[in-house]
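Peer 1: A single structure is presented below for examination.
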Amino acid sequence: MAAASGYTDLREKLKSMTSRDNYKAGSREAAAAAAAAVAAAAAAAAAAEPYPVSGTTKRKYQEDSDPERSDYEEHQLQKEEEARKVKSGIRQIRLFSQDECSKIEARIDEVVSRAEKGLYNEHTVDRAPLRNKYFFGEGYTYGAQLQKRGPGQERLYPPGDVDEIPEWVHQLVIQKLVEHRVIPEGFVNSAVINDYQPGGCIVSHVDPIHIFERPIVSVSFFSDSALCFGCKFQFKPIRVSEPVLSLPVRRGSVTVLSGYAADEITHCIRPQDIKERRAVIILRKTRLDAPRLETKSLSSSTLPPSYASDRLSGNTRDPALKPKRSHRKADPDAAHRPRILEMDKEENRRSVLLPTHRRRGSFSSENYWRKSYESSEDCPEAASSPTRKVKMRRH
């Protein structure tokens, strides 16, 4: 058997098996030593590098995202700094009690009633959907009333064009502000009452610096609301951006604006902040050098080009501003309905005058009206006969 297996002696076989086992053991020891060397090298590399090699991609991403994060943080810091500047120009006082508010609110209702009866001057009352303004002492042109849009174009009305400040405003509001040293004696010569219905608003604006002194004082009544700074308005549909600062305004509270809050940033009332009827009395002082409309001595520079030169002579009182709306007496709910624009009135008038079969023709009703009107000018008989129909040829 020993010869068949290739070994001549059992001792040789045992000797050969022992050498193989020793080789295997030596290989295992060498592998363990090599693994230990690799681990030691990896530990040394980890100690030399702040991040492992496998984290290089993550580190690069973090480095790339740092500028974006810093820009956002910079924007937030700027916004917080601007809000701090706004707050530095705001002073709020809870001055009027519930009973005092009720008395003043009853007086405001009297103002609304007198306006509905047409007892005020033409420029005292300014109506808009969901918001009415009542000017006392001094009034001024703004918004769509201006011939030229933009800051600095506002003008005071001539003296006497708006009613005097009611005596109750002096007794119930102004006098208390003077007693608490909010404003000095004799400071106020302009009082405006803004009456808002739910959903009403006033767009972002700065009270004209060339018209009014600072501070600007307002007192709130009927309900709580908020005064927002730095908003941007968009219309159709109406949308308002996030404010730099939203200032809660409580019923009976006094808000005083000056400095940055009055001059360097816009303020507004958002529609979502008027949930109930709200009124605010704004008390201001006009500047001595504030520009004023002069209706008796108008210059051609303040009139539209269509005005003839002979209209500048005499004692005509043509206003130096384009008409904003009709000043005829309206029913109590008229101010809270959508305005009917002049173009809508014209379209309605056409629909009444045009024949029924012409209202929905294959050509524009506007062209039909224009051609019909031109034909009536050429034919006096057609102009004098309202029932005469003008047949137009289609082209």
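In case you wondered, yes, glycine gets a Cβ from its N, Cα and C as well.
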Peer 1: With reference to Swiss-Prot, specify which of the listed residues Cys201, Cys231 is paired with Cys268 by a disulfide.
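Peer 2: Swiss-Prot lists the disulfide between Cys268 and Cys231.
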Peer 1: Give me the long-range Cβ neighbours of Tyr196 (2-oxoglutarate binding site): same chain, 6+ apart, Cβ under 8 Å, in sequence order.
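Peer 2: Expected: Leu130, Arg131, Ser225, Ile269, Ile274, Arg277, Arg278, Ala279, Val280.
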Peer 1: I'd like the number of other C-beta atoms within 10 A of the C-beta of Lys87 (SUMO1 cross-link), please.
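Peer 2: Result for Lys87 (SUMO1 cross-link): 14 other Cβ atoms within 10 Å.
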Peer 1: Which ones, of the recorded positions Tyr140, Asn194, His205, His267, have a Cα no more than 10 Å from the Cα of Lys133 (N6-acetyllysine)?
Peer 2: Asn194
Peer 1: If we check Cα distances from Lys236 (N6-acetyllysine), which of the recorded positions Ser70, Tyr72, Ser88, Asn194, His267 wins as closest?
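Peer 2: In terms of Cα distance, Lys236 (N6-acetyllysine) lies closest to His267.
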Peer 1: Going by Cα-Cα distance, pick out whichever of the recorded positions Ser70, Tyr72, Lys87, Ser88, Tyr140 is nearest to His267 (2-oxoglutarate binding site).
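Peer 2: That would be Lys87, the closest of Ser70, Tyr72, Lys87, Ser88, Tyr140 to His267 (2-oxoglutarate binding site).
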Peer 1: Please state whether DSSP places Ser70 (phosphoserine) in a helix, a strand or coil.
Peer 2: helix
Peer 1: Among the recorded positions Tyr72, Tyr140, which residue has its Cβ surrounded by the fewest other Cβ atoms within 10 Å?
Peer 2: Tyr72
